[in-house]
């Protein structure tokens, strides 16, 4: 097969995962990543990177399960390998707690993480404002390590990098604090997704905000105060923690991730276009699974007959 040029737009965790999948699997493709920002300046570099999916309304549940399982298995293999330290990937245990008992106490992802169980009454006494909790072990992927590691892997198979600006989708503003609290080992996440404590290698990430259509990249002091107060209610020992920095990022948001392909009519030709974006706060969680889907869509579009252009 003749050489095929593939352009991947975006160098966050989804873009680089897709580029690596294509470059390593399809040797007849010449793959280039084009983006305005690369690590350490992407939104992913500030993300806590905990693998914990949410359920999207308009995507078949079996497809969502596959995305999460493939991402989990991929990162678990790295966590169990000698490359774990360089990649910043490791197992992390903790709790997800709820102010009200959820309608689905055993979510779809519970079969893929390790040791999923309901929290005991004794454990719940730590959180008097919450009625129900889940305990489990998942994976934490620190993008400050993982993205450069992916980029190195991409370059190793001949991938090319171009710095250039692109604009699309709407932002979901996220603000977190990075604090020094080395005594914390287990994560705690409120089931509403707005309050969480994620211990990491260098610091503990506490958050957060999810503000749609908000383009502000400046730190909001009221948001910081609210984050600190909510997290201290969950973990009082944080009142003695030193705030190392405050961070703001904009996630690409949609009601559902878009993972599909179409054709563009350019200069008399039908050119395949594969979409893989709009993961919101689930970028790390679903990155490898949707990258494999995008790879299959690309492979399909390269071998199928494109539709006839309308005159």
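We number each residue from 1, going along the chain as drawn.
Glycine is treated like the rest: Cβ placed from N, Cα and C.
As recorded in TrEMBL, the features of this protein are as follows:
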BINDING   196, 251, 281  D-dopa binding site
BINDING   280, 281, 282, 283, 284, 285  FAD binding site
DOMAIN    5-163  domain 'FAD dependent oxidoreductase'
DOMAIN    167-292  domain 'FAD dependent oxidoreductase'
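Positions of the features from TrEMBL, shown on the structure.
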{"residue": "196", "record": "D-dopa binding site", "contacts (Cβ under 8 Å, 6+ apart)": "48, 50, 187, 188, 189, 190, 205, 206, 207, 208, 231"}
{"residue": "251", "record": "D-dopa binding site", "contacts (Cβ under 8 Å, 6+ apart)": "43, 171, 172, 173, 174, 279, 280, 281, 283"}
{"residue": "282", "record": "FAD binding site", "contacts (Cβ under 8 Å, 6+ apart)": "53, 54, 257"}
{"residue": "284", "record": "FAD binding site", "contacts (Cβ under 8 Å, 6+ apart)": "13, 44, 47, 49, 50, 51, 71, 141, 143, 146"}
{"residue": "285", "record": "FAD binding site", "contacts (Cβ under 8 Å, 6+ apart)": "50, 51, 52, 53, 68, 71, 279"}
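Between the farthest pair of Cα atoms in the D-dopa binding residues (196, 251, 281), the distance is 17 Å. In terms of local Cβ density within 10 Å, 283 ranks first among the binding-site residues 280, 281, 283.
Here the domain 'FAD dependent oxidoreductase' (167-292) has, by DSSP, the following mix of helix, strand and coil residues: 32 helix, 61 strand, 33 coil. Each of 47, 48, 172, 174, 193, 207, 208, 210, 280, 282 belongs to the same chain as 196, 251, 281, is absent from that list, and has a C-beta within 8 angstroms of the C-beta centroid marking the D-dopa site. Within 8 Å of the centroid of the Cβ atoms of 280, 281, 282, 283, 284, 285, where the record puts FAD, the same chain has further Cβ atoms from 47, 53, 251, 279, 286, 287.
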